[in-house]
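Here the structure comes first, spelled out in structure tokens, and everything after it is commentary.
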Amino acid sequence: MKPPSTQSSPAAVAAAAPAMDSAAAADLTDVLCEFDAVLADFASPFHERHFHYEEHLERMKRRSSASVSDSSGFSDSESADSLYRDSFTFSDEKLNSPTDSTPALLSSAVTPRKAKLGDTKELEDFIADLDRTLASM
């Protein structure tokens with residue numbers, strides 16, 4: 001990635017985002033200037049770099065690995081991963097299962113698909129079992 005050829009100026013930021021107030025524009029300018037400095041630093045040879053990114057990265061890794069865990073023994077990142085994984089499962093279950101508010105007529109009106117040519121016996125058995133399960137609900 002090449003660093004941008006033009007530096008961000010407060011006037012350019014203000015022109016690009018006229019709806020921003022002056023404090024937000026100043027903050028954005030500071031962030032863009034810092035970003036430009038980092039890009040320029042990465043473009044320089046390793047021994048001439050001004051910032052110590054490896055040290056900062058290791059410090060952040062240590063800080064995140066020493067995050068506070070709850071009483072369950074799972075760290076924040078493990079809990080977040082689990083929640084993220086389970087949210088898909090939960091949404092699939094919620095979408096594909098009838099609820100108390102679903103009228104009985106709607107759930108019985110859905111007809112199961114017929115097995116297509118080339119399907120295996122195992123798949124047909126699974127569908128038949130699924131039909132029986134849905135019929136008993």
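Along the chain as shown, residues are numbered 1 onward.
Positions of Cβ are set from backbone N, Cα and C atoms, glycine also.
Among the candidates Ser8, Ser65, Ser82, Ser91, the residue that Swiss-Prot annotates as phosphoserine is Ser91. From Ser9, Ser97, the position flagged in Swiss-Prot as phosphoserine is Ser97.
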